[in-house]
């Protein structure tokens, strides 16, 4: 435990690259500026660029309100991350590391102060049903002229403690999105989403409970459109928990048997018509999170579900969209 804690100690303000020769630096990847793209009272969204070379992965480090170091692993394809669970009106220093082969190659930092309280623009709308074309309050002719428009907000996956939502942008484009809902205690929650994303997974929900989600499209910091949907989370009893002793290879070999009962599809053709999962690998580990990655060597899947038991032995399930090949379990 002491060794792991030492790994997560926050860096000094001196760059770690000074002792490395100029020849090595020329061949290395370089991080661009770490910028803040969105701030709420309890979250911060950060983004960055890689102007030179490429990294195998990134790690974001910061200290929480109790001064404890936190580390968030990020896959190499991502150039943005949302850090949840922060406190209002609190200053945080974030350190982003670019890694190659498990070694820190470059480092950028930024200071951020979270919003003082739930801003005036964040109160949740009425829980009363909205009309089908629930657009902003301005006249229709002024609202749609030159503005971006959101498509329908759809539910793509539901588990006992998470919901995956997806949407389209039928007109124009948005700088960012904001998803709002009330948690099981009735407290408003707001999740910032970057403008390039059209799906989001909302974790930490309660089983068999109805939630109303409101998605806002933002241009600048102004809301220009909104869509909503109601979702009831799944009942844990309806979700079969996988055996903790069954390896992934065993479950994969059983998959083709689903086709065996159909005489029109010979058994030799079944595997070619099915999608196949590659090996599940661990790409990053911290004391309180694990990053997993996988491949799909044949076919494709609509979505994925990751199941595991928590420290109390309770089954947990996380929904992942079909285009993803990695996920971080916090």
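Each Cβ is built from the backbone N, Cα and C atoms, and glycine gets one as well.
Predicted automatically and left uncurated, TrEMBL annotations should be read as such.
Listed in TrEMBL:
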- 258-267: compositional bias 'Basic and acidic residues' (COMPBIAS)
- 30-121: domain 'Fibronectin type-III' (DOMAIN)
- 149-237: domain 'Fibronectin type-III' (DOMAIN)
- 276-330: domain 'Fibronectin type-III' (DOMAIN)
- 1-21: region 'Disordered' (REGION)
- 121-143: region 'Disordered' (REGION)
- 224-270: region 'Disordered' (REGION)
Helix, strand and coil residues within the domain 'Fibronectin type-III' (30-121) as assigned by DSSP: 0 helix, 52 strand, 40 coil
Secondary structure composition of the domain 'Fibronectin type-III' (276-330) [DSSP: H/G/I, E/B, coil]: 0 helix, 31 strand, 24 coil
Averaged pLDDT, computed only over the residues in the domain 'Fibronectin type-III' (149-237): 88
